[in-house]
Amino acid sequence: MLTFKRYGGTLQLDLHANMELVACYRNVPLATLAGARKVSPISSGSISAQLSSSFYDNTCPNALSTIRTSIRRAVSRERRMAASLIRLHFHDCFVQGCDASILLEDAPSIVSERNAGPNRGSVRGYEVIDAAKSEVERICPGVVSCADILAVAARDASAAVGGPSWTVKLGRKDSTTASLTIAESDLPSFTDGVDRLISRFASKGLNARDMVALSGSHTIGQAQCFTFRERIYNNGSDIDAGFASTRRRRCPTSGQNDNLAALDLVTPNSFDNNYFKNLIQKKGLLPSDQVLFSGGSTDNIVSEYSRNPSTFKSDFASAMVKMGDIPHTGQDGIIRRICSAIN
């Protein structure tokens, strides 16, 4: 028997009470189900509003453990992958919402976000998500979205390197479109000043504290030489001289643009609060890192996180949940069978 709830004056199908039925009939117009003529079609917005950590409890109860095992395996092979998976989820959510649009490859109807400046040659981990999706499809074909796998993978990657864990809300759909244009315009740049960063995050419903906490993911991972060259050669008083000298060894004034350097020189493979301690010592690698502690409005947040690692980790987890709630802004979604292509 179908169960309904009232949303904004209209009756809609209660996704939680009818989870198994929705999974079976997710591609069938709701009005055809049991003669439910009074039900409005559920929009992407109403689906987003009903994300739930228990979304797959009935339809794919082993989904989360399967994803976790796959992600742990990938991170154990390459510690850096943890940072890459967190960034992949972040770059997905900032373009059309958290809808796995970043995973789509070029196709006749798709101009891939992978080719956007902030993504090209630096965003990685696609194959890890593909592997997790393949394993989930084996046990629950056509049930778990790539967008949800991305969100869960980011959480599991954080936990795998000593970072916080959090409860991931589930039930996202995968987009049928990508937006190279939005990826070019909305993703933060390594050259952004603090006001620009605050503005970018605010446009996604995230405040300055969320922005600083999420920037703390730079406690792990690496950056390419071209992103910090200007800072280590021409930043004068806003960079520690010894730090700049160390970084110049693998980043010449020209060429070798892809050479990598750890974002946190002290503990590059552990999720801790050293990133913020580095900023206070003028040892932020990217210009967009150091601006968080450079006489501006976020200095006090950086100072707080540098003194209190538990506050940072708690705020990071909360900000990741908040980011995961950024709604899909495109057409109603699907469950992709392969994350890189539309069914």
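The backbone N, Cα and C atoms fix where each Cβ goes, glycine too.
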Exercise. In TrEMBL, Cys60 is paired in a disulfide bond with which of Cys24, Cys98, Cys140?
Worked result: Cys140
Exercise. What residue among Cys24, Cys339 is stated in TrEMBL to be the disulfide partner of Cys146?
Worked result: Cys339
Problem set entry | Record TrEMBL, residue Cys93, disulfide partner from Cys24, Cys98 | Cys98
Seminar exercise, completed: Among the candidates Cys24, Cys251, the one bonded to Cys225 through a disulphide according to TrEMBL is Cys251
Exercise. Say you check the Cα of Val95 (Ca(2+) 1 binding site) against those of the recorded positions Cys146, Pro188, Cys339; which is nearest?
Worked result: Pro188
Exercise. If the Ca(2+) 1 site is taken as the center of the Cβ atoms of Asp92, Val95, Gly97, Asp99, Ser101, Glu113, which further residues of that chain fall within 8 Å of it by their Cβ?
Worked result: His91, Cys93, Phe94, Gln96, Cys98, Ala100, Ile102, Ser175, Ala178, Ser179, Ala183, His328
For this session: Among the recorded positions Cys60, Cys98, Pro188, Cys251, report those whose Cα falls within 10 Å of that of Asp92 (Ca(2+) 1 binding site); none is a fine answer.
Result: Cys98
Problem set entry | Cys146 (disulfide bond) and Cys251 (disulfide bond), Cα-Cα, nearest whole angstrom | 36
Problem set entry | Close recorded positions near Cys98 (disulfide bond), where close means Cα within 10 Å, chosen from His91, Glu113, Pro188 | His91
For this session: Work through the recorded positions one by one (Arg87, Glu113, Cys225) and name whichever has its CA nearest to the CA of Cys339 (disulfide bond).
Result: Glu113
